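Colleague: Here it is, the structure, as structure tokens.
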């Protein structure tokens, strides 16, 4: 109702203002027409007169145009609608204002109540959802916690077994190194025994060769002394040179013969070794593979009579 009344009042005001403006425009147009008619009548009267009067009419026309140009701004201002005087408020105006205020107040209160109802509904729905999903959240949190614990335990176990793997590999490598060392020690002992055998054999052969060489050199010296006694004095240096050359040749021949004899003796000794002796040596070496180094040292030290 209040809105309808307000609309009617506004329409009435607009209609009155438009009618007033239309009347003013009509009055202005009538005035303009009257002025134009008077000017035209004056111009016609002056044109009918003589040339002076015509010039005077032209002068008046120019003056009228000037006046028209000068008064155009004033006329435009006069055409504008004058401001209406401020109307004093009546009891009905106050009633309308109160009704407008009440309508706005009711609308704002309604919006506020709707917003509060929405908030309450959202809180209630959230509370119901929280109650429904609280158990699921607890289960998920517990599952995540257990996963983290299991992950940490698996990491610790993995670290532990990696350390154990490194330790086992280290021990295995140590055992392999120890076995290699034992095998190398046995091989070295075998080579030392062989070299000792060959060295003793060579020493015996060298001793026999030296004895035979000393006997031959003594006989040769005796023959040289006899020749020196019975020979001439002039031929002594020539014979001495020849004897020295013969001695060198004999020494070279004997040294070559001795080396050949040593090689032949080694080959003969190896040929004398039977298959049974070789198998016995291999069996002894296999037995010694499991023995510790200290017992081997004691055994060979006792056999040779010297510490190794």
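Each residue's number is its place along the chain shown, starting with 1.
Heads up, the Cβ atoms here are built off N, Cα and C, so glycines get one too.
Since this is a predicted model, take the numbers as computed values, not measurements.
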Colleague: Among 38-62, 63-87, 88-112, where does TrEMBL put the label region 'Disordered'?
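Modeller: When 38-62, 63-87, 88-112 are checked in TrEMBL, region 'Disordered' belongs to 63-87.
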Colleague: When the pLDDT values for the domain 'HSA' (79-151) are averaged, what is the result?
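Modeller: The predicted confidence over the domain 'HSA' (79-151), as a mean pLDDT, is 87.
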Colleague: Could you break down the residues of the domain 'HSA' (79-151) into DSSP helix, strand and coil, giving a count for each?
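Modeller: Taking each residue of the domain 'HSA' (79-151) in turn, the totals are 62 helix, 0 strand, 11 coil.
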